[in-house]
Amino acid sequence: MVIPLFDDDTGLLILAGMGDTVVDCFEVSASEPFLSQVSHCLTDTSTRGVAMVPKVALDVLSCEVMRVLQLTDSCIVPISYQVPRKHSGQEFHEDLYPDTVGTTPAMSAEEWWKGGNKQVEKVSLHPDKQPKQKAPPAKQMAAKKELASGGSKEDPARGCSTSSSPLSTPSSSAVPSRSPSSTSGLSSGFLHSPSPSQSAKAIQSMMGPTSKFRHIQGAVMHRDTHITNLRGLNLTTPGECDGFCVNRQRVAVPLAISGGQIGIFERSQPGRLPETALSTIQNSVNVVDLSWDPFDTHRLAVAGDDAKIRVWQVPEGGLKETLTEPEVILQGHTEKIYSIKFHPLASGLLVSSSYDLTVRLWNLESREQVKLLTGHQDQVFGMAWSPDGKLLATVCKDGKVRIYDPRKSTAPVQEGPGPEGQRGARAVWVCEGKYLLVSGFDSRSERVLYLYSAESLSSGAIASTSIDISPSTLIPFYDPDTSVVILTAKGDTRVHIYEMFPEDPYFIECSSFNSPEPHKGLAFLPKSECNVRDVEIAVGLLLTKTTIEPVAFRVPRVKKEFFQDDVYTDTAVCWEPALTASAWLSGSNGQHKKISLKPKDMTPVSEAPKEAPVRKYLPSSVYLEEKTDEQKKDELLSAMVAKLGNMDDPLPQESFEGVDEEEWDD
């Protein structure tokens, strides 16, 4: 959709398309060519709306004939149109500014209803003819001040967010101009506010929360940390599988070798893999999903297409020979398994979903099935444990999102409408477990993020945001410390990043990360693996066709020598169990202890000494100081002498050495 804006005084027509990054300006005339283009302005971000500023707000002394405000996803950008004139800024050019429609109504609604046709009186834009505003009485000013401060002596900033506002007023470089008659930026007479800080706070409260992670940067770490020459990668793992899995010590990758073999690679031994055969885990059947035990870096659970779950124990130091005998085999499902998930708090507790439309809980301590959950009518796309470990959420191909309380009922305690698309979906709990985030597809096969209230699934999604169109399901990773969710899919090259909020707007998009080639998976490490000195908030491993590459997601900060305590809250020790499987099954609950990531030799940025402001310019007295003609003459002569050099200095050729008499030829 194209939005037209027309100015009767100048005959200028503005055309801006919704979602476009171009704003065109045309001049409309009564004779041929009727429409001629004046400027072609390219903007930094897509247009969500445009509006024209009233004529009385223009900077007429700068020959500004029109100003348009462009609404984007995160800010309002002014685009100014000026006519270049020789004495711009000094004189009022009457030929540019005919009398314009004023702001005083010509008649009342009742008069118009009775047939009145009066016209609004036109006014001049000449600065000398503008009505002067009367100063309000002192009592009225005092009352306004008291009202602005809330009727008390408290700090006016109290209760306001201290984060920067998303509503910015960019400089002239913010909107690139493609024509001499089109410039951008705010003139001095645009906003008449008593205080810039008060205006910023008012705008901030109007626009809502902002994200400190908006400019997050993803970067692949140095090649010395890569595992290369990976061969025989299995590229046909089911959509419910993440493709591979990692923990703090090692990586497990399914290989396209007969017998369902799995490669185990130590993170402490990066480099090029040998050309010879590797020691592997021989699962004996095709791998459909695999997961490391979060509390035991040596235990790997593998689901096979024979409806069995095999639990393997990797020896200390990694594989030195091929493993053929699992530690435990769990049987109970009657058809192929979709996916498996370990419990986030209880040790030795595993959940699995299967083509037999059941979800089963397994106790690895007793090596038996302990719960069987029912209610699904079709394929289970994904499962997710709540942060407190009490509830289990599932998203299903039958178009439903369900929440189970496995210890109380085998049937879902809540059920609501899920994504309409049937290509696949994933779920993760966000915002301290108050909401459920589901990545799926809509009816047009567009990838969409849906946000549900964990207390009322039946009400449907309370918010959603469209991502793009692609056949692969987005796999979400959520960092509870920062409320940042990172999403990508197998076969994608782009990693999407959002900050989640428990209130409107719920989603704030941050900078994305792009890999040079399609990746096969992205798995994340515990928060303790982040380098806080580089302000890393997440570290993952990127699986490509032949390599495993660490990727760090960093927040750009100026004072990196300080610990960024506004970014790093105390983090949960998620690599240690809070309770046993038996205790959880008997009704006990627990929570992870928390630790600070601050190194002992770093000072929190909140305690950093405040630097005194540095004067960038000389005081005005230096420029205003009057100099006599004699002083100016002396300064000029001194500058000329310094340029020409000292007359008493020897010439360069005087230092050259001559030729001895004996060297001359006769």
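Just so you know, glycine gets a Cβ as well, placed from its N, Cα and C.
The following features are taken from TrEMBL:
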type     : residues : note
COMPBIAS : 120-131  : compositional bias 'Basic and acidic residues'
REGION   : 120-202  : region 'Disordered'
COMPBIAS : 143-157  : compositional bias 'Basic and acidic residues'
COMPBIAS : 159-193  : compositional bias 'Low complexity'
DOMAIN   : 207-271  : domain 'DUF1899'
REPEAT   : 330-372  : repeat 'WD'
REPEAT   : 373-405  : repeat 'WD'
REGION   : 644-666  : region 'Disordered'
COMPBIAS : 657-666  : compositional bias 'Acidic residues'
Sequence-distant contacts of the repeat 'WD' (373-405), meaning Cβ under 8 Å and at least 6 residues beyond its ends, amount to 239-240, 338-339, 341, 343-346, 351, 353-355, 357-361, 411-420, 422, 424-429, 432-433, 436, 438, 440, 452, 454, 457, 473, 480, 578, 584, 589-591
The correct DSSP tally for the repeat 'WD' (373-405) reads 0 helix, 17 strand, 16 coil
Restricted to the repeat 'WD' (330-372), the mean pLDDT of the model is 95
The correct DSSP tally for the compositional bias 'Basic and acidic residues' (120-131) reads 3 helix, 2 strand, 7 coil
In DSSP terms, the repeat 'WD' (330-372) comprises 0 helix, 26 strand, 17 coil
Helix, strand and coil residue totals from DSSP for the domain 'DUF1899' (207-271) stand at 4 helix, 22 strand, 39 coil
